[in-house]
Amino acid sequence: MLKIGSHVGMSGKEAFFGSAKEAHSYDANTFMVYTGAPQNTRRKDISDLRLEEGFEFMKQHGISDIVIHAPYIINLGNSVNLDTYSLAVDFLAKEMERTKAFRSKYLVLHPGAHVGAGVDAGIKQIVQGLNEVLTRDTDLYIALETMAGKGSEIGRNFEELARIYDGVKYNDRLRVCFDTCHTNDAGYDVVNDFDGVIEQFDKLIGKEQIAVFHINDSKNDRGASKDRHENIGFGTLGFDAISYIVHHSDFIEVPKILETPYVSLPNEKEKSLPPYRYEIEMLRNSVFDPQILEKIQNNR
């Protein structure tokens with residue numbers, strides 16, 4: 001069965017219970033959430049997040065295999081500022097514990113950035129950090145995200161991810177989150193030759209290592225290294241290419257998570273609406289609706 005959902009929020013009094021309800025409102029059967037704000041280390045206590053109510057709601061509505069995303073501030077690749085690196089390692093370990101509390105198997109992580117020290121130094125530092133947090137007994141997977149190649153990001157190509165795998169002692173606890181926008185922006189031809197791209201990935205890492213897909217169109221041409229997401233069917237990837245990926249027989253059981261932009265209202269630019277219910281429906285049915293953005297704006 002196709003597993004498809006989106007990023008959802010987690011805030012206010014309903015907390016995770018509200019996250020599950022938001023996912024259900026999009027007719028999703030999976031979703032992704034941050035355990036707190038992605039830009040900082042402030043976190044509510046697990047006991048305040050209404051997890052059990054969320055789990056019960058998920059059970060009642062056929063939602064499973066949720067994904068946790070690590071915050072952006074974790075940069076394991078920083079060998080220039082070791083205080084930043086130490087913070088990243090410590091906070092990643094805490095996020096792993098929170099991921100288990102959310103009953104998720106997958107913690108998606110941006111591998112890191114070398115901040116000018118060079119790719120080799122960045123990869124060495126990432127490997128060191130992962131070796132500090134992963135043990136024989138780790139009972140979840142860290143899913144390294146494919147990156148667009150913006151700035152000094154590590155993970156802009158499969159070779160860099162493979163080098164991380166090669167250096168990590170307990171790399172059976174690693175997986176990959178394949179982002180369609182990022183791989184396009186990094187230079188891979190996921191539009192015309194997705195199977196060829198996967199063949200490259202399979203030779204270097206193994207396609208069975210892909211545990212999560214981030215499903216996004218892109219505002220950029222292939223190889224732009226910019227990482228700007230677009231709504232499904234309105235970017236340079238196009239609906240047909242994305243639908244092909246979503247329904248690919250090799251990955252039908254892998255959770256597909258939408259991270260596409262909210263849709264702005266024409267006369268109220270400060271307000272925007274989530275597109276996920278509409279995009280999920282389009283992708284489930286494999287039928288593109290070119291009027292979908294207008295429908296989102298009119299059905300608020």
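For all residues, glycine too, the Cβ spot is worked out from N, Cα and C.
In Swiss-Prot this protein carries:
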type	residues	note
BINDING	His69, His110, Glu145	Zn(2+) 1 binding site
BINDING	Glu145, Asp179, His214, Glu259	Zn(2+) 2 binding site
BINDING	His182, Asp227, His229	Zn(2+) 3 binding site
Listed in sequence order, residues not in His182, Asp227, His229 with Cβ within 8 Å of the centre of the Zn(2+) 3 site Cβ atoms: Ala148, Asp179, Cys181, Asp185, Asn216, Ser218, Lys226, Arg228
Any further residue of that chain within 8 Å (Cβ to the Cβ centroid of Glu145, Asp179, His214, Glu259) of the recorded Zn(2+) 2 site: Val108, Thr146, Cys177, Phe178, Thr180, Cys181, His182, Val212, Phe213, Asn216, Ile257
For Glu145 (Zn(2+) 1 binding site), the number of other Cβ atoms found within 10 Å of its own Cβ: 21
Cα-Cα distance linking His214 (Zn(2+) 2 binding site) and Glu145 (Zn(2+) 1 binding site), given in Å to the nearest integer: 9
Cβ neighbour count (within 10 Å, all chains shown) around Glu259 (Zn(2+) 2 binding site): 16
His182, His214, His229 filtered to the binding-site residues whose C-alpha is within 10 Å of His110 (Zn(2+) 1 binding site): none
Candidate nearest Asp227 (Zn(2+) 3 binding site) in space, where candidates are the binding-site residues His69, Asp179, His214 and distance is Cα-Cα: Asp179
Entries of His69, His182, His229 which, being binding-site residues, have CA atoms within 10 angstroms of Glu259 (Zn(2+) 2 binding site): His229
Chain-mates of His69, His110, Glu145 with C-beta within 8 Å of site centroid, Zn(2+) 1: Ala70, Tyr72, Val108, Leu109, Ala143, Leu144, Cys177
